[in-house]
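Structure record follows, encoded as structure tokens.
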Amino acid sequence: MRPFGTIDFISFATAFQYTVLLVILALIFGGPLALLFAMMRVSRFAPLRWLSAILLQLMQGIPLLALLMFVYFGLPVFLGIRLPPLLAVTAAFTLYTAVFLGEIWRGGIEAVKKTQWEAGACLGLSSWHQFRYIIAPQALKIALPASVGFLVQLIKGTSLAAVVGFIELTRAGQLSAAATLEPLRVYLIIAAIYFAICTPLTLWSHKLETRLHGAR
């Protein structure tokens with residue numbers, strides 16, 4: 001046992017960097033996959049729609065905690081592949097981001113009126129150029145509030161990475177609480193950090209949502 005002090009704040013600051021890193025990696029790798037997933041969901045090719053629907057149902061039916069446990073503990077058993085904690089949690093959060101953010105973007109794409117596609121076709125644009133120059137900008141505006149809301153959920157969800165030993169903010173709090181025997185103080189500080197990060201993003205999401213409805 002030791003007193004709570006500067007070393008704990010240094011530990012929190014270091015672990016917070018890993019929390020941010022995990023979020024960034026999930027968005028970097030999951031973002032392109034989310035776009036691919038969204039395009040599959042709205043594809044005219046039925047097998048792609050069916051495959052994406054199956055993936056969506058599968059991911060919606062599996063808790064994120066279970067996904068993390070499977071990637072970290074299950075892959076060595078079934079495939080003989082043991083991933084280090086950072087790689088394992090990045091893989092799990094990438095899948096999580098790809099499917100759920102992709103579904104948000106799918107909703108944004110489908111919210112754009114079909115007449116916009118027709119207008120692009122009348123201008124002689126290819127399907128890709130219709131999407132890139134006409135549909136995507138409007139879909140992005142529609143999906144942005146929900147995307148920011150998902151970012152908040154992603155940040156809070158990173159706390160689950162502690163179960164596989166990845167030392168992010170929550171795991172640092174667990175270690176500090178065990179070392180100092182002051183769990184109340186530790187977790188109040190951890191909660192305050194999450195609150196300080198997530199609250200501005202939540203307010204921004206609400207503001208974007210209000211602007212979107214006002215524009216309509």
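Quick reminder: no glycine exception, Cβ is built from N, Cα and C everywhere.
If you look up TrEMBL, you'll see 12-205 marked as domain 'ABC transmembrane type-1'.
Residues annotated as transmembrane segment in TrEMBL: 15-38 (among others).
The annotation transmembrane segment is assigned in TrEMBL to 50-73 (among others).
Taken from TrEMBL, the feature transmembrane segment covers 85-105 (among others).
Residues or ranges marked as transmembrane segment in TrEMBL: 142-167 (among others).
Here TrEMBL flags 187-206 (among others) as transmembrane segment. Proximity of distant same-chain residues to the transmembrane segment (187-206), defined by a Cβ-Cβ separation under 8 Å and at least 6 residues beyond the stretch ends, is recorded for 12, 16, 145-146, 148-149, 151-152, 155-156, 159, 169-170, 172-173, 177.
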Chain residues in Cβ proximity to the transmembrane segment (15-38) (below 8 Å; excluding those fewer than six residues from its ends, i.e. six or more beyond): 52, 55, 86, 89-90, 93-99, 101-106, 109, 151, 154-155, 158, 161, 166-169, 171-172, 193
Long-range neighbours of the transmembrane segment (50-73), counting only residues six or more past its ends (CB under 8 A): 37, 40-41, 43, 83, 85, 88-89, 91-92, 95-96, 99-100, 102-103, 157, 160-161, 163-164
Intrachain residues whose Cβ lies under 8 Å of the transmembrane segment (85-105), provided they are six or more past its termini: 18, 22, 25-27, 29-31, 33-38, 41, 52, 55-56, 59-60, 64, 67-68, 70-72, 75, 139, 143, 146-147, 150, 154, 157-158, 161, 164-166
